[in-house]
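This report refers to the structure that appears directly beneath it.
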Amino acid sequence: MVLSRVTCDFTKRRSIAVSVTVRCLRVFFTKHQCLHNAHFCGVCRKEFSTSSRLNEHMNVHLGATPFACTICDRKFSKRSSLTQHYRYHRVHRSFHCENCSKKFNSKYACAVHERLHTGDNPFRCSVAGCGKRHSQKIQLKLHLCSHR
């Protein structure tokens, strides 16, 4: 274990860092700097690590759908949504929701969808006084950013 004093380039605060290796310190600072370099949406205050991701996110608020499927002409506001949609065309969807018969490519995706019907929200915010619950872990992670 290595103990060393470190200074944040942005806040100029000094603190003691405990790490196993110098590489761990570098990884910590890289992630720590992302906190100071965050890009926030002016509409919903959602946080993004890069300006390009923020710009793509703005399509959601503007209703822009610049990413079109070449197979069925369906359009999307985000490239990642189009990529996910292409899997719909390629994969035989063999997992069915018991409530609405919607089909899914994976058992996990089907289970997450079924939480919409059951109201199951297993991921709970740990911030004191909040306790908000979410159906997906990623939703909880995004929610935790709102407490910063």
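Please read every residue number as a count from 1 along the shown chain.
Backbone N, Cα and C define each Cβ position, glycine as well.
Straight from TrEMBL, the features:
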DOMAIN    39-66  domain 'C2H2-type'
DOMAIN    67-94  domain 'C2H2-type'
DOMAIN    95-122  domain 'C2H2-type'
DOMAIN    123-148  domain 'C2H2-type'
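Per DSSP, the domain 'C2H2-type' (123-148) is made up of 9 helix, 4 strand, 13 coil. Mean pLDDT of the predicted structure over the domain 'C2H2-type' (39-66): 86.
Counting only same-chain residues 6+ beyond the ends of the domain 'C2H2-type' (39-66), those with a CB under 8 A from a CB of the stretch are 75-79, 142, 145-146, 148.
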